[in-house]
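J.: Heads up, here are the entries from TrEMBL:
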type	residues	note
REGION	A:1-20	region 'Disordered'
COMPBIAS	A:1-10	compositional bias 'Basic and acidic residues'
TRANSMEM	A:32-54	transmembrane segment
DOMAIN	A:108-196	domain 'Cytochrome c'
BINDING	A:CYS121, A:CYS124, A:HIS125, A:MET262	heme c 1 binding site
BINDING	A:MET173, A:CYS217, A:CYS220, A:HIS221	heme c 2 binding site
DOMAIN	A:204-285	domain 'Cytochrome c'
Amino acid sequence: MTKVPPKQDGDPDTTGHTWDGIEEFDNPMPRWWLWTFYITIIWAVAYTIAYPAWPLVSSATAGILGYSTRGEVISDIAAVEEANAGINTQLAEAEITEISLNPELNSYAVSAGAAVYRTWCTQCHGSGAGGAVGYPNLLDNDWLWGGSVEAIYSTVAHGIRNEEDPDARYSEMPVFGDILEEEEIAQVANYVMTLSGGTPVDAAASQAGEAIYADNCSACHGDNGLGNNDLGAPNIADQIWLYGGDYDTLVETVTYSRYGVMPPWQQRLSEAELRAVSLYVHQLGGGE
Amino acid sequence: MTDQVPPPSLYAAREPIFPRRVSGPFRNLKWVIMAVTLGIYYLVPWIRWDRGPELPDQAVLLDLANRRFYFFWIEIWSHEFYFVAGLLIMAGLGLFLFTSALGRVWCGYACPQTVWTDLFIKVERMVEGDRNARLRLHRQEKTDARKLRLRLTKWVLWLLISVATGGAWVFYFADAPTLLVDLFTGQAAAVAYITVAILTATTFIFGGFAREQICIYACPWPRIQAAMMDEDTITVAYREWRGEPRKHSQEAKTAPQGDCIDCMACVNVCPMGIDIRDGQQLECITCALCIDACDDVMERIGKPRGLIDYIALSDEVAERGGAAPRSVWKHIFRPRTMFYTFLWAGVGAALIVALFIRSDIEMTVAPVRNPTFVTLADGSIRNTYEIRLRNKNNDARLFRLFVKGDPALRITLEGTPYGSIEVPADTSFLQRVYVIAPPGSPPAQTDRQDLRFWIEDLTNGDRAWKDSSFIGTGNQP
């Protein structure tokens, strides 16, 4: 359709390739284009000298500017901490029960506490604080050591049954396998099932278990099985079981006892972080 | 190799264009449109609008920091950004409509590049004189005191316009009077200064030096606008059948002479530097200054106006055959333009409906699903929901939250023993909400039950609702 103009005098050489009869002039590139190209080469070389670039066996060249992404992260974290220093001091010094009355401080504490929780607590208590067998659910309204914000703070700061913190609250259930006969354990387990409104596996054994319960268990768990927050003795009359409320689990619990340990966090977290995570846990829905 | 002729350069330097002054109806229309568009641009941020004590008093404000767009009585929150998207779609469809009906009227009259270039050319003409004087000055190689003075005066004036242009832009994003003071006292944010600097530079370079090059090389519109135009589009064209052969051409000496006297007036006034008599061209922005120039000449030599005119290309062909042109309205009302109008109006109607049915209270409900439910000490099953309440009113409002579903369900709010929540003016508020099913009740035992959250504005009784669901123990495998 279109006529290809014949090659004229003064036309530059072609590249020597032909595509469907189309040839390409071998024109020089514009000077500004070439200069841009040279400058990018210089820039690239200078960049690899100035910044970390060349991979070595176990690391990379450091670059003469001493830049590192880790260093940048460290300074970013420092900048955030500096920016939050004021409100963190305020948080650490406020009366802990009064914090929820200050909306701004409370909202900061809950957000910061959620971050602390996700970093340190999710491994045991789950990312949604739903807990697991042996690890308390923090959303419900059953608290072994109390669910007020001060009680939660004390648990977080000192932990439970650990050897590192002398202030850690401590209690130990006896190993009744050494004290009671197997039959007696079966009887008391059956009785405990009735405390929370359940149906015992063996009704006769359950009746016999009442006296065994009164002699061995009521001192800590109370006459009606309501537990004791001061001793960390679980309420065994409610619907929440840390290790399970079925017959086999109860027999196992009574025979071998349970010994859940929580580490103390005041050695690792700042006062503001401890308070923040306590307030966060308190507002999850079970706080008293 | 050595005696080869050097190849011709593929890079042509820009040919400067010195448009001559012209007067006529289209030129006057352009002045009016320039005054209106520049007036809107510079003055709109200064219109005040009383929204009460907590909200900004600026009628048009894009408050990016607080994610609020204010447009007179309309306030758009970030989750309602579809209004902005809808307006942009309408702008696009409007451009299609006008282009299919009237060619590149946007380019010729309303495009910022055209408006500011026109203003810059006006300044240039005031300082350096009209076309011939500017050409002389351009060709004068020696830079003497006069040339330097004229150039500097022109550049300083351009720069002032550029600074005002960049300066006006930032007023749309912050309270204008405060920002103006801050800009002059060095208190404004760095981003404000950077924006002003960038827009000053682009205005100065684009309006002063790049001019038609932006339209030809940088703007994508000339390349796609042809898709909206057809032979019925009314555009600037030359009545070749009437004008040719031109007076000075070889043919004109033997054949009867056309109306075109080859005076070059149409070329000299063209801000794009083209000759419309060569036919339709990508560069033509249909500003119609050539029509004004040619009509002026035709009047003086006693010929009818309209040698260059706004005509449809199909009419040019029809006239050549001696037929009368179709009426303007027949060109404008044709299926294509009707279709664009229909689409444009459809989007517009949808936006207006959306604007009127939107509520000034809203909520979103996000069920907490980690874990899906919690068993309480008495065996109740509890679900948690994070409910975000939006109060778009100018005053704090008290909201009551309640739930409709199984009658056994009870609702409590985290952090308060009351069933109501106060949400401050013009904010959104996140509230943790618990819904509890007593032990043994149907919702506690089933897999999933539907429920509906309601909010009621206790001030005026407005209500809004959102559906969600309640998860019970039946969900357990």
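Glycine is treated like the rest: Cβ placed from N, Cα and C.
Could you give the neighbours, burial and distances for every feature on this list?
T.: Among residues of the same chain six or more beyond the transmembrane segment (A:32-54), those with a C-beta under 8 A of the stretch's C-beta atoms are 60-65, 67-68.
Taking H, G and I as helix, E and B as strand and the rest as coil, DSSP gives the domain 'Cytochrome c' (A:108-196) the counts 44 helix, 4 strand, 41 coil.
DSSP assigns A:MET262 (heme c 1 binding site) to a strand. Residues within less than 8 Å, Cβ to Cβ, of A:MET262 (heme c 1 binding site) and separated from it by at least 6 positions along the same chain comprise A:CYS124, A:THR155, A:GLY159, A:ILE160, A:ARG161, A:ASN162.
Annotation for A:MET173 (heme c 2 binding site): spatial neighbours A:CYS220, A:THR253, A:SER257, A:ARG258, A:TYR259, criterion Cβ-Cβ under 8 Å with sequence separation of six or more.
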J.: Between the Cα atoms of A:CYS121 (heme c 1 binding site) and A:HIS221 (heme c 2 binding site), find the distance and write it as a whole number of Å.
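T.: With distance taken Cα to Cα, A:HIS221 (heme c 2 binding site) is 28 Å from A:CYS121 (heme c 1 binding site).
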J.: CB neighbours of A:CYS217 (heme c 2 binding site) within 10 A?
T.: 23
J.: Which residues, in sequence order, are found in the same chain with Cβ within 8 Å of the centroid defined by the Cβ atoms of A:MET173, A:CYS217, A:CYS220, A:HIS221 at the heme c 2 site, excluding those residues themselves?
T.: A:ASN216, A:SER218, A:ALA219, A:ALA233, A:ILE236
J.: Can you grab the distance from A:CYS217 (heme c 2 binding site) over to A:HIS125 (heme c 1 binding site)? Cα atoms, rounded to a whole Å.
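T.: Answer for this pair: 28 Å between alpha carbons.
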J.: Measuring Cα to Cα, tell me the gap between A:HIS221 (heme c 2 binding site) and A:HIS125 (heme c 1 binding site) in whole angstrom.
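T.: Cα-Cα distance, A:HIS221 (heme c 2 binding site) to A:HIS125 (heme c 1 binding site): 24 Å.
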J.: Compute the centroid of the Cβ atoms of A:CYS121, A:CYS124, A:HIS125, A:MET262, then list the same-chain residues not in that set whose Cβ lies within 8 Å of it, in sequence order, for the heme c 1 site.
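T.: Not counting the recorded site residues, we get A:TRP120, A:THR122, A:GLN123, A:TYR135, A:PRO136, A:LEU138.
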